[in-house]
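Visitor: First the structure, which I've put down as structure tokens, then a few questions once you've had a look.
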Amino acid sequence: MGAHHPAQARRTMETWNHVPEWIIWSGAGLFGLLVGSFLNVVVHRLPAMLERRWSHEARDILGTPKRGTPEPAYHLGWPPSHCPQCHRQLRPRENIPLLSYLLQRGRCSGCAARIPARYPIIEALTGIATVAVVASHGLSPLMLGPLLLTWALIAAAAIDYEHYLLPDALTLPALWLGLIWSVVDPGPPTPTDAIIGAVAGYLALWAIFHGHRLVTGREGMGYGDFKLTAALGAWLGWQALPALVLFAALTGLLVAIVLAVRSRPLGQPLPFGPALALAGWVLLVLSPSGVAWQLV
């Protein structure tokens, strides 16, 4: 779903004329930082939750008896945030996005273990991306869908970068929300374009996957990439798919070149999800017209 024309965004802002713009952007940025803090929880815990579920399913299939005491509850809301090294529960002042990391100089207050740079990076990116979506779509209920997609893309990209995994828990809701939003939002894409975009997006990467495997004998991407492309096809419409795939491929190639220069071992796989997420987000937010950057 393409960004609204700047004139449309300005009209949407008319009811907020009494509020200084710097307050609006600051509020959006601060809210984005808070969302980014939650996304860090998703990025850290969702893969572990999936691994635990898959382990349980494997035991059930194999009929392996459970041993020992039951595993403690583990989900996005429990246990409370804690240091993964010393397991000390974080105090409220240690959960302030960005600021806590800076004040603690990137280390745990208890054991001095280094805090991964991913935490402030995701918080900052989410804050900036939230402001960009509000700026491009205007303050209206119709910005909620693009915001939810933006946050899902950030989490999906980070998980794929770290674990080579694009969870269905993120890609499939993004797909269905895109189809629903094509009905809710009067702008492009139309529901028909969204449905075609979802199907064509999945099939396009499916064809590339099997073509690559036929030629090289290796799998070049995962099925999560198919689903993420289908989700972006639903949001952008089928007309944007050539630009999406081209932009993502060029981004992935650029990253591969940079990593090769930095002595990354040749043949080591690169996750394609972050490139797809970046390409889809740019087309969603920065497009100057209705449907993002059509090449057809």
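From the backbone N, Cα and C atoms, a Cβ is placed for every residue, glycine too.
TrEMBL lists these features:
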- 22-43: transmembrane segment (TRANSMEM)
- 30-135: domain 'Prepilin peptidase A24 N-terminal' (DOMAIN)
- 142-159: transmembrane segment (TRANSMEM)
- 147-257: domain 'Prepilin type IV endopeptidase peptidase' (DOMAIN)
- 196-215: transmembrane segment (TRANSMEM)
- 235-260: transmembrane segment (TRANSMEM)
- 272-293: transmembrane segment (TRANSMEM)
Visitor: Tally the residues of the domain 'Prepilin type IV endopeptidase peptidase' (147-257) by DSSP class, grouping H, G and I as helix, E and B as strand, and everything else as coil.
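Guide: Tallying H, G and I as helix, E and B as strand, the rest coil: 94 helix, 0 strand, 17 coil.
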Visitor: In the predicted model, what is the mean pLDDT computed over the domain 'Prepilin type IV endopeptidase peptidase' (147-257)?
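Guide: Across the residues of the domain 'Prepilin type IV endopeptidase peptidase' (147-257) the model's pLDDT averages 91 on the 0 to 100 scale.
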Visitor: List the helix, strand and coil residue totals of the domain 'Prepilin peptidase A24 N-terminal' (30-135) as derived from DSSP.
Guide: 60 helix, 6 strand, 40 coil
